[in-house]
Structures are given as structure tokens and as C-alpha cells.
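Before any comments, here is the structure.
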Amino acid sequence: MSKIKPWAWVVLAASFLALFFNSSLNYSVGVLHIALLERFPEEEVTTISWLGALFSSMFALAGWTGSILVSTFNARVCVMLSGLVTLIGFVLSSLVVNMKYLFITYSLIAGTGQAMCYSGTLITLGYYFKEKTGMASGIALSGCGLCTFVFPPLSQFLIETYGLDGAFLLLGALGFQASVCGALMRPTEYEIRTNRKLCCNKNSNSVSKPCNNPNKRNWRDKLKFCKSLPFFVFLISSVSFNMAQSTVYLFLPDYFVHLGSSPQEAAFAISLAGITGILSRVLVGFLVTLVDTALVYGSSFGIFGVITVFLKYMTTLGSKLTYTSLFGIYMGGCWTLHYTLLVDIVGLYDVSAALGISMMACGGGYLIGPPIAEMFVLEFGDYYYAFAFTGQFGIYIF
């Protein structure tokens, strides 16, 4: 087992802060949604809802942009550019007077910045913590869980104090801090060696002198992992996982109110999932250093699915809080397991390309889950069937 270098802990702290300041901005989407409704009262609610839905899912849908940057340059360049792209997106959003342009500035540009930050930080952690990827990812991703409490009230304060345009500017400034954090992620020897191999491959195709690198590989050999059955099954689980997660986050507060809870109780129940999610991300990261990652990954979904099927009978406040606590425990750590399992399946050399593809699958599932669940609600006239739909996905992944 290779020894972890001292600078790796600096990179871990920088990754935590980068994910906290940049990739967690989508936790502000609910507060920004209300402000956008007030800013553009003439627009349909559905249109503005799609604006927030796209922004929330772009961190996954645009994950391939980070993969390309890491493969072309390195993870440090990717994370530093992510802060700049996020800043540009939010600054332009503060200048927009036509709501439809926000689909470009807010959803597309700012959302892509989050995706670049997320991909770049996880990939660099894989390079620095080869044998302890789960532990490192768990600690870094706990920053995202912490933002469940920080960004919604902070965004509300910024809107009330400086207006929506001022809030856009300041949120962009916070996201720009990822550039500072990325500057600390200096390339590892592995990255430098890999980039030399790729350059050697390109040069060997353009000049008559052959390349002396015996391990040279082309892009077609890097994408061979797409044909493997384990990776294909992993993509299916990624889609299912995010369809389930997005459905629960969207419908659960209203469902609790439907069962007799006050809006304040429903909001507190959701925030409780954030607390347990933070703990889960860290603890699961340490757990997978001792137990098989695939076993923990599948078991988490299976338990979550069974619990969700019985949600209909959780009518007391205590049982609702118990459900959201368990939801945070079993779903919060799955993002840690998601990247760790991906490294186990495709290996470290192919992880940058594989992460981009898997994140697109996650984003697709996050986007289509609620509309499909809504179909069940309309068909049967009961919110419970949205959760029955979700629970079946959890059991299926197991």
C-alpha cells in the first residue's frame, strides 16, 4: 500500500472547499425559484420551474466537460476554470432582462461550472488517494451536505439585502472561490506521466519518428470500458438512483403536509436528511476501506427502497423524522460510493472519461424522475404512488 503524501491532505481540504463554494450552489435553487417568480410574474410557472430543474441537473448532465478538460490538460486546470465559468454565468444572469436568456446564462453556463468543479475535484482525489478513494471522497462530499443548511438561508439573505441581481453577483463570487482551491491541486506524477503518453501518441501519428513508449494507448482504447457489462449495469443504477432521489426531494415535503404536518415540520424533516447525509458521506467513505464497495452500494439502495414502500404508514411526526433521517443516511453516502465503485470498475486510467458518461446518466435520471412520478400521481390520485415508484427503483438497484 502506497503512503499518502502530505500534500494530498491540502488537496483534500481544497476539494472540500471547492465543492462547498461551487458545486453546492444548486441548493439555492428553491430560494432563487421564488425570487424568479416575483421578478417575472408574466411567465408561466412551468417555464421557470424548468429553469431551476436544468440548473440543478447540469452538475451531472455536463459532467463530460470536466472529463474532457482533465483528459486534455489536468484536474487543476479543470477546477480553476470551473470557478471562472460559474462567475461568468452568474454575472451575465444579473444583467438579463429577458427570462428566456437565463436558460443560457443561469442554467447552462453557471450549471456547467458546477459540473466542471464536481468532476475535477473527484478525479484529483482519485489520483492522490488511490487506495483511500472512498475515504477522501466521503470527506470532500460532506461539504455538499453541509450546504443543505448554509446556502438556502444565505441566498434568502442576499436576495432580501441586495435584490436578485445582487444575489446573482455574490453567488457567482462564491463559486469563483473554486479557482483558488483548484490552484492548490497540483498535478500528480501519474497525471504528468499520462499526459506525456497521450502527447507521445499524437506525435507518433504526425512524424515519421516512432514513439518509444511501449504503453501507448489511443482514445479508442480508453473508451473500450463502455462495452463492459459491469459499466453498463452501473449506468442503469446511476439513472435509477437519481430518478428516485429527485422524486423524493420534490414530492416529500408536500406529501408530509398532505399527511397532516405543518409546512415548518416538513421543512425541518427535509433538513434532517441533510444532517444525516453529512455523517453518512464521511462514515461510508471509511466503511468501504473495510467492506466491498458494491455490497454497500447495493445494500443501501435495497434498504432505502423497502423503507420507502412503507412510507404510507408513517403518519406520526416521529416516524416522518425517522424516514428522512434514514433517507439521508442511505442516500447521502451513495454519492461517495458512486465514484469509488466507478474507479473499481474502470480503473484509474479511464476514470475521467467514465465519470463524464456516468454523470450524464445521473443528470438524465435526475431530470426525468419527477415527471414520470407525476404521471403515477395523476393516474392514481395519491402522492404515495410516486414513492412506491421510487421504492421499486431502490429495490431494483439492490
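We number each residue from 1, going along the chain as drawn.
Using the three backbone atoms N, Cα and C, a Cβ is placed for every residue, glycine included.
Remember, it's a predicted structure, so these values are computed and weren't measured experimentally.
Look at TrEMBL and you will find 8-398 tagged as domain 'Major facilitator superfamily (MFS) profile'.
Here the transmembrane segment (50-70) has Cβ contacts under 8 Å with residues 23, 26, 29-30, 32-33, 36, 77-78, 81-82, 99, 102-103, 106-108, 110-112, 114-120, 123, 242, 246, 352-353, 355-360, 362-364, 366-367, 370 of the same chain, all six or more residues outside its ends. The annotation transmembrane segment is assigned in TrEMBL to 50-70 (among others).
Non-local neighbours of the transmembrane segment (77-97) in the same chain are 18, 22, 25, 66, 69-70, 104-106, 108-117, 119-121, 123-124, 164-166, 168-169, 171-173, 175-183, 185; each lies 6+ residues outside the stretch with a CB under 8 Å from one of its CB atoms. Under the heading transmembrane segment, TrEMBL lists 77-97 (among others).
Feature annotation from TrEMBL assigns transmembrane segment to 103-129 (among others). Counting only same-chain residues 6+ beyond the ends of the transmembrane segment (103-129), those with a CB under 8 A from a CB of the stretch are 4-5, 7-8, 11-12, 15, 18-19, 22-23, 25-26, 51, 54-63, 65-67, 69-70, 75-76, 78-79, 81-90, 92-93, 96, 135-137, 140, 168, 172, 175, 178, 182, 185, 188, 190-191, 339, 343, 348, 351-352, 355-356, 359.
Annotated transmembrane segment per TrEMBL: 136-154 (among others), in sequence order. With a threshold of 8 Å between CB atoms, the same-chain residues lying at least 6 positions outside the transmembrane segment (136-154) that come near it are 8, 12, 15-17, 19-20, 23-25, 27-28, 30-31, 121-122, 125, 128-129, 271, 273-274, 277-278, 281-286, 332-333, 335-336, 339-340.
Within the same chain, residues 10-11, 14-15, 17-18, 21-23, 25, 28, 32, 35, 75-84, 86-91, 93-94, 106, 110, 113-114, 117, 120-121, 124, 155, 158-159 sit at least 6 positions outside the transmembrane segment (166-185) and bring their C-beta atoms closer than 8 Å to a C-beta of that stretch. Marked as transmembrane segment by TrEMBL: 166-185 (among others).
The annotation transmembrane segment is assigned in TrEMBL to 229-252 (among others).
According to TrEMBL, the feature transmembrane segment maps to 267-288 (among others). Here the transmembrane segment (267-288) has Cβ contacts under 8 Å with residues 134-139, 141-142, 144-146, 148-149, 249, 252-253, 256, 261, 296, 300, 320-321, 323-333, 335-337, 340 of the same chain, all six or more residues outside its ends.
Under the heading transmembrane segment, TrEMBL lists 295-315 (among others).
The transmembrane segment feature in TrEMBL is assigned to 321-341 (among others).
Taken from TrEMBL, the feature transmembrane segment covers 348-368 (among others). Outside the transmembrane segment (348-368) by six or more residues, the chain places 53-54, 56-68, 70-71, 115, 118-119, 122-123, 126-127, 130, 190, 194, 222-223, 225-226, 231, 234-235, 238-243, 245-246, 338-339, 342 with a CB less than 8 A from a CB of the stretch.
Averaged across the domain 'Major facilitator superfamily (MFS) profile' (8-398), the predicted model reaches a pLDDT of 85.
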